[in-house]
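Below: the structure, in structure tokens.
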Amino acid sequence: MNNFHVMDHPLIQHKLTMIREKNCGTKVFREVVNEISMLMAYEVSRDLPLEDLVIETPLMKTTQKTLAGKKVAIIPILRAGLGMVDGILELIPAAKVGHVGMYRDHDTLQPVEYFVKLPSDISERQLFVVDPMLATGGSAVAAIDSLIARGAVPSSIKFCCLVAAPEGVKVLQDAHPDIQIYAAALDEKLDENSYILPGLGDAGDRLFGTK
Ligand code: PRP
Ligand code: URA
């Protein structure tokens, strides 16, 4: 399926290598996740709708393009998705931000939803669902199911992650074939605990300095 896009721009690959390194500390990890997210936002927002706007340059009146309304919402999957929000807001500062709280149960590996707060008009918005890690795909599918149950339009949802496992990409594609998936890297596989290899470890813990 061609709804999976790897953004292998040199700057993105370089920055991703920095945060994969196990000695990368919380401060740099957080900063670089934001930088990669900003770079990814440039591509993920490529097909935002434009409309005509009549303006005056110092020389003449002219019709030019402007973004059609403030119709984007960024939806981080808590916690780790929070780390990607500020970088995207650098490029799309008027975007609204909704939150879906989801954690992966350590024993069952099943996603557990614990919080949802969304803009009231999500059915009219382009939604960028963000989470650094797409591992089994369980959290992404559950979060997107939850958005659709609350009125989001599947074809208006894009999922954006830093590191994807092939297993998770397939699960998300099978569950939501209409959704475009963007990743900074497609890694090799999952380990026996469903961590991504080579991956970058536990993204939430590394972003927030917890264990
Ligand atoms: C991580 C990650 C994803 C999920 C990916 O979150 O941020 O949400 O795991 O795994 P999956 O594709 O197998 O569902 P985690 O559950 O560790 O919660 P956290 O963000 O609060 O750390
Ligand atoms: N969640 C993470 O934070 N990292 C992984 O490798 C898999 C799930």
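Keep in mind that glycine also has a Cβ here, set from the backbone N, Cα and C atoms.
With R79, R104, D131, P132, M133, L134, A135, T136, G137, G138, S139 listed by TrEMBL as binding 5-phospho-alpha-D-ribose 1-diphosphate, the candidate from D178, D202 annotated for that site turns out to be D202. Checking the binding-site residues R79, D131, A135, I196, D202 against ligand 2 with a 6 Å cutoff on the Cβ atom leaves A135, I196, D202, in sequence order. Nearest by CA distance to D131 (5-phospho-alpha-D-ribose 1-diphosphate binding site), out of the binding-site residues I196, G201, D202, A203, is A203. Taking a C-beta cut-off of under 8 Å and a sequence gap of six or more, R79 (5-phospho-alpha-D-ribose 1-diphosphate binding site) has these contacts in its own chain: G101, Y103, G204, L207, F208.
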